[in-house]
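J.: In case it helps, TrEMBL gives these features for our protein:
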ACT_SITE  CYS136  active site, proton donor
BINDING   LYS39, ASN40  phosphoenolpyruvate binding site
BINDING   ARG112, ASP330, VAL352  UDP-N-acetyl-alpha-D-glucosamine binding site
DOMAIN    23-447  domain 'Enolpyruvate transferase'
MOD_RES   CYS136  2-(S-cysteinyl)pyruvic acid O-phosphothioketal
Amino acid sequence: MSAEPSARSFDSSYPDPGDMLVVRGGTPLCGEIRVRGAKNLVSKAMVAALLGSTPSTLYDVPAIRDVEVVTGLLRLHGVRVEPLGDGRLVLDPANVETADVEELNVHAGASRIPILFCGPLLHRLGRAFIPDLGGCRIGGRPIDFHLDALREMGAVVDKTADGLVLTAPDGLHGTTLALPYPSVGATEQVLLAAVLADGITELHNAAVEPEITDLIALLQKMGALITAHTDRLLRIEGVPALRGYSHRPLPDRLEAASWACAALATRGDVLVRGARQADLMTFLNVYRAVGGEFEVDDDPVDGGIRFWHPGGDLGAVALETDVHPGFMTDWQQPLVVALTQARGLSIVHETVYENRLGFTDALVTMGATIQVYSACLGATPCRFGHGGYRHSAVISGPSKLQGNDLVIPDLRGGFSHFIAALAAEGSSRVFGVHLIDRGYEDFGAKLAALGATVDGPAYERAGLRLAGGPLEAAR
Ligand SMILES: CC(=O)N[C@H]1[C@@H](OP(=O)(O)OP(=O)(O)OC[C@H]2O[C@@H](n3ccc(=O)[nH]c3=O)[C@H](O)[C@@H]2O)O[C@H](CO)[C@@H](O)[C@@H]1O
Ligand SMILES: C=C(OP(=O)(O)O)C(=O)O
């Protein structure tokens, strides 16, 4: 890239120029970082604390925006949320109360977690107000499975201009449910509603992601009676009361895979402390198929997985994202950047979300050769084969990437843009950096620890925001 970033003018369609980082590419990421509790478990564990009659303690909680949002929502409902430092969080639900709708709406659009407050609030207060949901814009992300299940269990749902209002005039009761698709959120919804419901709930076609298994383990600690049968069947026997839990969440397998892909795309070598092989089996198979190397250290305290590029060419692969135990959709975006560096044609069929390949447009502007199709380019026709959803990609590599201006579209797409910028020649300006905070703790500090050259207003303006600033300070 010829021009230095400072010489480029800002396009008026870019978000806040202060929310931008300049990345100088071309240096392999090398070193070690640590991942803490999984974003996709910790936030749900925090909601589950509402179900207990005594305080809960959660360990290894990362300083990410989703945790901050759920902390805010819980506090508005009277839950005492006390960060004790070093990732310990005590949640005391002794004084749960109805929250002010206007105050709750401050969190509208910030995360997907508010929908999981339905069951716990209906049990505690008989009423729940749910602000509009946020989360990554990677598809329509409807909540029909959640609401249908709650209605079957006795909830009445009113859609208002402000958000959803739920009541349960006769309480929630157990029933037999079948999800049209094994949705993670809807499975969690049923678990959180059924554990205190009257009678037995059977959930067919449930999600079985490791985060679900960990949530079940946590609920079991609270006194819940849940049996996980084969064939995606969960049987939940409602109990009259639950106590608080003490729980160390599973490590973040999505963050671990992101850094693994960053090592591969930049020809680097990254030790991800805390990463656990059991949660990453499917990812590791694909990583190896592409040509990436890894080594597992099982030490329970200091262990992790070292990921590296062994030199030479990477190989192309064909893969489909799927529900667990398939290749997880949240691994897809970082891996695609590594695939731009693999020799040959790779095919990626995204079957979980209909709109999760938009981030590839930016990679193309950097020199990647990626074509996106609305046909199902995989062995299994998926729900998105008709309707014109651009959900299959063909990636031809290896491509020399050039730095460019990038606007972060969503959490994993944003991480992918960073990897591409780090693998590219020259410098890139990455806009919308705050979106990364939702799921990557200490992102800037970790990049720096791995030898990346990153600078810019997002660093200068917010001081240590990306290196454990306000999120950590809020503890
Ligand atoms: C906070 C969190 O844990 N987020 C994860 C969770 O999201 P989330 O729980 O939102 O994802 P789901 O598993 O529910 O969604 C999977 C598919 O089901 C569809 N669907 C879902 C619910 C519903 O009521 N109706 C419906 O049609 C969705 O549009 C999507 O196509 O699981 C996803 C799939 O592993 C991950 O990518 C997200 O990182
Ligand atoms: C899609 C994701 O998260 P969320 O469901 O919170 O939007 C993700 O973590 O990649």
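Including glycine, each Cβ sits where the backbone N, Cα and C put it.
Just so you know, TrEMBL annotations never went through curation; they're auto-generated.
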J.: Over the domain 'Enolpyruvate transferase' (23-447), what is the model's average pLDDT?
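T.: Value for the domain 'Enolpyruvate transferase' (23-447), mean pLDDT as a whole number: 96.
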J.: Distance between ASN40 (phosphoenolpyruvate binding site) and ASP330 (UDP-N-acetyl-alpha-D-glucosamine binding site) at the Cα atoms, whole Å?
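T.: ASN40 (phosphoenolpyruvate binding site) and ASP330 (UDP-N-acetyl-alpha-D-glucosamine binding site) have their Cα atoms 11 Å apart.
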J.: Please identify, among the binding-site residues LYS39, ARG112, VAL352, the one with the smallest Cα-Cα distance to CYS136 (active site, proton donor).
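T.: Considering only the listed binding-site residues, the nearest one is ARG112.
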J.: Could you work out which of the recorded positions (CYS136, VAL352) has its C-beta surrounded by the smallest number of other C-beta atoms within 10 A?
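T.: Per-residue Cβ counts within 10 Å for the recorded positions CYS136, VAL352 bottom out at CYS136.
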J.: From ARG112, ASP330, VAL352, which binding-site residues have a C-beta atom under 6 Å away from some atom of ligand 2?
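T.: The binding-site residues passing the 6 Å Cβ test are ARG112, ASP330.
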J.: Using C-alpha atoms only, work out the spacing between VAL352 (UDP-N-acetyl-alpha-D-glucosamine binding site) and LYS39 (phosphoenolpyruvate binding site) and round it to an integer in Å.
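T.: VAL352 (UDP-N-acetyl-alpha-D-glucosamine binding site) and LYS39 (phosphoenolpyruvate binding site) have their Cα atoms 19 Å apart.
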J.: DSSP secondary structure for LYS39 (phosphoenolpyruvate binding site), reduced to helix/strand/coil, please.
T.: helix
J.: Who sits close to ARG112 (UDP-N-acetyl-alpha-D-glucosamine binding site): which same-chain residues at least 6 apart have their Cβ under 8 Å from its Cβ?
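T.: Same-chain residues close to ARG112 (UDP-N-acetyl-alpha-D-glucosamine binding site) (Cβ under 8 Å, separated by 6 or more) are LEU133, GLY134, GLY135, ARG141, GLY185.
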J.: What does DSSP assign ASP330 (UDP-N-acetyl-alpha-D-glucosamine binding site), in three states?
T.: helix
J.: Taking 10 A as the limit, how many CB atoms besides its own sit near the CB of ASN40 (phosphoenolpyruvate binding site)?
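T.: Counting Cβ neighbours of ASN40 (phosphoenolpyruvate binding site) within 10 Å gives 26.
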J.: How many other Cβ atoms sit within 10 Å of the Cβ of ASP330 (UDP-N-acetyl-alpha-D-glucosamine binding site)?
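T.: For ASP330 (UDP-N-acetyl-alpha-D-glucosamine binding site), the count of other Cβ atoms within 10 Å is 23.
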J.: I'd like the Cβ neighbour count for LYS39 (phosphoenolpyruvate binding site), meaning other Cβ atoms within 10 Å of its Cβ, all protein chains included.
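T.: 26, counting other Cβ atoms within 10 Å of LYS39 (phosphoenolpyruvate binding site).
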J.: Using the CB centroid of ARG112, ASP330, VAL352 as the UDP-N-acetyl-alpha-D-glucosamine site centre, which other residues of the same chain sit with their CB within 8 A?
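T.: Counting only non-site residues, the set is GLY135, CYS136, ILE138, VAL184, THR329, TYR353.
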J.: DSSP three-state call for VAL352 (UDP-N-acetyl-alpha-D-glucosamine binding site): helix, strand or coil?
T.: coil
